[in-house]
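According to TrEMBL, the features are:
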- 350-359: compositional bias 'Low complexity' (COMPBIAS)
- 28-274: domain 'ABC transmembrane type-1' (DOMAIN)
- 367-598: domain 'ABC transporter' (DOMAIN)
- 338-359: region 'Disordered' (REGION)
- 21-52: transmembrane segment (TRANSMEM)
- 64-83: transmembrane segment (TRANSMEM)
- 139-163: transmembrane segment (TRANSMEM)
- 169-187: transmembrane segment (TRANSMEM)
- 266-294: transmembrane segment (TRANSMEM)
């Protein structure tokens with residue numbers, strides 16, 4: 001057994017697993033197709049019998065009596081149409097139900113892998129897998145098992161009848177032709193399989209390229225690199241054309257050989273019939289059966305062609321679904337008692353939601369990184385963090401400062417358990433975050449990123465993503481804290497794709513309001529105020545500082561905007577190079593002072 005064959009058997013078993021509970025409609029589709037195609041063969045046989053009778057007694061030895069035969073033809077045609085409808089209805093019910101399950105499973109498996117599985121991967125490429133690739137699998141569910149079964153069952157039944165009732169040698173001759181037709185797609189598909197894989201892979205590259213170009217259209221036009229991007233797209237499309245041409249060539253050769261075999265089989269029936277002295281009626285009946293069997297054989301060839309594309313798409317889907325999440329979670333895991341107590345106090349004393357944010361008295365949570373080392377790719381590349389130790393006291397505002405690429409945002413990813421460190425411990429309120437259920441951990445920490453994401457919908461729907469049941473009072477309070485008081489009357493306004501109707505500063509404040517709404521214990525501001533003017537940013541910081549019992553960690557490169565009394569940790573190349581209050585760091589020559597001087601120079 002070749003590797004390709006074993007791989008397709010594995011993919012077949014995996015896809016069939018998606019049809020659990022759907023055996024009844026799948027069986028109906030198979031039975032309806034077999035009966036319908038047998039009726040198709042019978043139509044040709046009855047028609048042939050009419051021609052035999054019309055030719056006179058010298059062929060049939062019977063008088064022409066067409067009434068019953070015509071009625072039989074009409075009845076079989078109607079029954080065949082009903083069976084065809086039943087086959088398609090049942091087959092597509094199985095297909096679309098299975099595709100729905102597959103999409104649900106795709107996203108269910110992708111979510112635990114995020115953000116590790118989505119970072120660095122184009123959204124358009126993932127969308128292509130979730131839509132186009134899954135759609136291509138439809139041919140497997142709707143057009144695989146019924147054609148495969150009918151391709152064997154229909155010829156076997158028809159030829160058995162022909163051999164018993166008419167002439168065994170003619171049946172044997174047709175059997176050889178049918179076997180050759182069924183073997184042809186299997187013998188010529190090796191190259192087609194590789195080409196189908198190549199087409200699927202290049203389609204993903206095209207989707208990724210187009211997604212990047214659409215999202216970066218402003219930069220492409222601004223830098224005048226339209227021609228370069230189009231040339232790159234043409235190169236990828238040329239590769240797709242080459243791969244598709246190989247698939248088309250294979251299909252064309254197979255189709256030509258199929259027609260040749262079909263014609264050769266019918267000619268062989270004439271030659272064998274004449275050689276054995278078969279009656280003209282027997283030869284015409286055998287020819288009718290042979291013509292009737294072209295449909296099942298051609299259906300098998302068509303399904304094999306579609307199956308190559310379906311398997312290529314399935315392999316791309318499984319690449320995502322079978323990936324191991326970067327972090328593990330257990331639904332049965334419970335938070336340690338000491339940690340749970342901080343949450344109970346937070347909910348009972350402070351209330352739920354940001355309506356109580358400015359005056360709450362629940363327990364805040366400390367954050368600690370203890371000798372943490374981490375790399376996004378442990379097998380290659382430099383360490384993103386190396387032996388990092390830092391802490392943020394509960395209820396304080398701590399700044400993590402450094403140039404771009406120093407590892408600041410990586411700390412936020414580890415705290416939220418997008419990844420786990422290779423060594424060292426990350427603690428929330430004194431508890432190793434790996435001991436906490438992910439839902440519990442992430443409900444206590446909110447992130448306001450530099451480039452927030454918006455979904456197509458209203459302002460209200462985007463603000464309440466993390467707290468969909470928030471009251472109007474809670475939403476208004478969060479908007480006021482984020483410096484968006486004018487939005488309180490605009491919550492029903494729509495937000496376009498990727499927030500294009502909002503400015504960068506509005507997007508960041510929307511993200512901040514969204515982060516405050518679930519009433520977190522820890523708020524991470526990852527360059528989340530970088531696009532605000534100095535006056536607006538200062539006012540937002542003033543409001544946030546008034547919130548009691550909230551631990552704020554601000555990740556920033558703007559050392560010049562930090563108050564003297566604020567706690568600061570300076571990172572460079574993934575290591576802590578300096579720490580203290582901003583005032584202390586300003587008073588001595590060091591990384592913080594150099595970073596601040598650089599900000600002043602750039603300004």
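All positions are counted from 1 along the displayed chain.
Keep in mind that glycine also has a Cβ here, set from the backbone N, Cα and C atoms.
Caution: TrEMBL annotation is automatic and unverified by curators.
Most Cβ pairs under 8 A with the transmembrane segment (169-187) among the ranges 21-52, 64-83, 139-163, 266-294 are made by 266-294. Taking every listed stretch (21-52, 64-83, 139-163) in turn, the largest tally of C-beta pairs under 8 A with the transmembrane segment (266-294) is reached by 21-52.
Confidence across the domain 'ABC transporter' (367-598), taken as the mean pLDDT and rounded to a whole number, stands at 89.
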